[in-house]
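Student: So that we are looking at the same thing, I have put the structure below in structure tokens.
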Amino acid sequence: MVTKGEYHSGLENVSGMESSMAAAAAPGDIIIGGIFAFHEGVDRSNQSFKPQVQPCTRLEEKGLPRALAMINAIEVINKSPLMSDVNITLGYRILDTCFDVSTALRATAALTQQADQEDGPRPVMAVIGSSSSELSIVIARQLTLKMIPQISYSSSAVILSDKSRFPAFMRTIPNDQHQTAAMVSLLSAYSWTWVGIIITDGDYGRSALDHFLTHASEKGICVAFKHTLPDSVTYQDVSSAITVAAKTILKTPKVRVIVSFTRSAHMTYLYKELQTQTAGHNMASARRVWVASDNWSTSSAAIGQLSLDDIGHIVGFTFKRGDLTSFNEYLSRLEAAKEDYTATNPFLKDFYEHLNYTKGSADTEQGSTAVNILRKYMNPGTVFSTEMAVSAIARAVASICRSRDCKTPGSVQPWQVLEALWMEEFTLRGKSYKFDKNGDINQGYDVIMWSQNESHIHVHDVVAEYHLHNNSFTHTDHSSTKTFKGLQGIISKCSTSCVPGEFKKTAEGQHTCCYECMNCTENYYSNDTDMDQCLSCNMNTEWSAEGSSTCIPKVLVFFSWQDSFAVVLLTFSALGILLTLLVSALFLHQCDTPVVRAAGGPLSQVILFSLVVSYVSAMLFVGQPNSFQCKARQVLYGISFTLCVSCILVKTLKILLAFQFDPALQEFLRRLFQPFVIISICVALQVATCICWLILKSPSDHITINSTTLLSACDEGSYLAFGVMLGYIAVLAFVCFICAFKGRKLPQQYNDSRFITFSMLLYLISWLLFIPVYVTTTGVYLPAVEMVVILISNYGILSCHFFPKCYIILWKKEQNTETAFINGLREYSNTNSVPQSKDSELHEQSSPSAHSVPTANPSSPAVLTHGGNTTSCTQLHRRSATLHCLRRRISI
């Protein structure tokens, strides 16, 4: 059974400072005040300097369910063990603010002044209300004077969390800082970066705007326009602002999402104005996604007679809701006993009278309709928040009354209730709650989405929950996920998204969300949409082309074994080694033949060995270089080819010594001519050069960073040492060339000079060409340049020095005989006059036992004496002795 309440009505007596206002009241040991808005405003038509109470106008359907929720919660608490254990009951006194600051102040004064009346009703120990942040702020300032605790169920302005200014204010909901963060998270989740915002002119709207802009800028969301509507809900007061806002919305078609921190009446006016401005046109141009704050997210009356097909989607945030079974049962009892309830609640009576006036039907019919309307305008989140406020006060009072008799007037003070509210934890439907340091209870939000069924608008069930602790959403079920997916195709951007490979370039003075897309430059990339700048690739290991979305690893390149050119050069190197070994084997087999002895005998094997080493060094120019390979290839080539050229130089000098030198120098040069000593000295100088090179600044492997590749190559270390090494070989080759050129007219069987001349000339020309090519060539094939020159040099020596002799040994065997060589020398001696002194010297070195030389007479003066001084002889004998001497000198 409902507790019968008191009903007081009357007008304020300003001069006597006494006021009597319409109130819904019920007696109790502890009185809880309630301040609700049952009307939308006051009638200001009667302007006067005389203070007067302005009558309330336009019934506000949402206010009555909130007050009824408070009444029901108090009645339920009074029947609970919590109150029966301390033997007290809660009463209430509920007044109307009419959504007007002056009226709210009068209502607050009416509640607080009763505390000074000793013979009056019990004073109010706590106040529940108001719904509006603007009204809660002015009420809180007045209640703070007596430290009367105030608990709001829907005032969410951030400023009210400032306990230095509002120490007695508390609320059972989060503040708007969390709601704006939730809205921005929703916008960010759907990539809506170009939005509009509409607010009301007041602390609630301005605070919400400031915090929304802060969160939006952090997420890269831009506000295309901001419109502030007057806080008044009278159309005359807001019409001009509504018209401007509607024009702005229609002129910015790219803004497909609008955030609204207004009241339900403001949205009704705005939708009607959009319909008016699109008259005669398709209203689809006015379709938007409307993100509604808790202030109107559940108000179906906001869209008036329009449908969702006309205005688009509405996504709203509401406070967490609880079990409404108790309140629905209360409304059912209200429907059955309307007369009992209206007798104690003037606001409920006004509600029924309003329905009778607008509908003009029977009372029974109106009773049924009234309850349905109350359920229609009921906000589940606000109802639950009101019940939480009552439970918190009841728990605080119970904790106080356990140690004292609270039935005695004055035994409990409001500040004591406030202290207990801060300290005590309360329970509602099995869940515990406690106010935080700001006096708030932060549960999060329910996200709802409006839907339409057979042209009737209704609020959809909760589709998601927002969690404050991690700023995230959780879908309630599969159907809600499907509902949310309907928003994915909506694009609200100032500019088209930049794809990976592009970055945003914003013009000076424009919003950061309005930009043009530019391709990333070379070696820069972007791997996501709408990136503010391109990222740099690691230039040492990566690269990217213009407009790339990723970096490409640089390929390590070198003169590879798989390279076709390398395969050709390696084939020639292997062939050269094989040919050299075959020639060496042939020369060893034919070592006693005149051709082999004339080719140098043992020196020819040294030359062939050096060529094999030189071919091996050429192979080291192929493959990925390493430190050992870089050092070995140059040193092996330098020493081996120096050995080769030194041996050729000795051969050249020997032939010249036999045929060309002036007789006065013969004996002196013959004694100086020590072949292996000369070779050792020449090679030792090159070895010394290479050792200094390796010690001071040796070659090493090196990675050259190119635009798209990494070139692995050998750094020669000291190019001076590299030049000295090659220059030294060139000097030896040039000396060989000069000496060989001087002996170009020697007998055919001993005519190595012509081949030496040609091979050295080939070497010098190839290495002279190598210098400019090597200097100007870069990249993978730089090692191939030196490799080619080495092969040319090797094949030049192999072809000129050994192939002709192999030809004679294999196919011209008749020329590889002593007789053929004697005939060749005889022809040379017949065609070239030998000086007498030279004949004498040659005769001295002739061995009488080597060959028989015919003489005219044993006692003749022409007989040559062995080992003695030079003796006169005939021209015939002189030529014969010359032949024997030449044969000995040019043979080793």
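Using the three backbone atoms N, Cα and C, a Cβ is placed for every residue, glycine included.
For 845-861, the entry in TrEMBL reads compositional bias 'Polar residues'. Here TrEMBL flags 565-819 as domain 'G-protein coupled receptors family 3 profile'. The region 'Disordered' feature in TrEMBL is assigned to 832-861. If you look up TrEMBL, you'll see 565-588, 600-623, 635-656, 676-696, 719-743, 755-775, 781-803 marked as transmembrane segment.
Map the listed features onto the structure and describe their local environment.
Tutor: In the predicted model, the domain 'G-protein coupled receptors family 3 profile' (565-819) has a mean pLDDT of 83.
Same-chain residues lying 6 or more positions outside the transmembrane segment (676-696) and placing a CB less than 8 Å from one of its CB atoms are 606, 631, 634-635, 638-639, 642-643, 645-647, 649-650, 653, 717-718, 721-722, 724-725, 728-729, 732.
Sequence-remote contacts of a segment are chain residues at least 6 beyond its ends whose Cβ falls under 8 Å from one of its Cβ atoms, and for the transmembrane segment (781-803) they are 559, 565-566, 569, 572-573, 576, 579-580, 583, 587, 599, 604, 607-608, 611, 614-615, 617-618, 621-622, 637, 641, 644, 648, 713-714, 752, 755-756, 758-759, 762-763, 766-767, 769-770, 773-774.
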Student: Short question: which residues 6 or more past the ends of the transmembrane segment (565-588) have a Cβ under 8 Å from it?
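Tutor: Cβ under 8 Å, 6 or more out: 559, 596, 599, 604-605, 608-609, 611-612, 615-616, 618-619, 622, 781, 784, 787-788, 791, 794-795, 798, 802-803, 806, 809-810.
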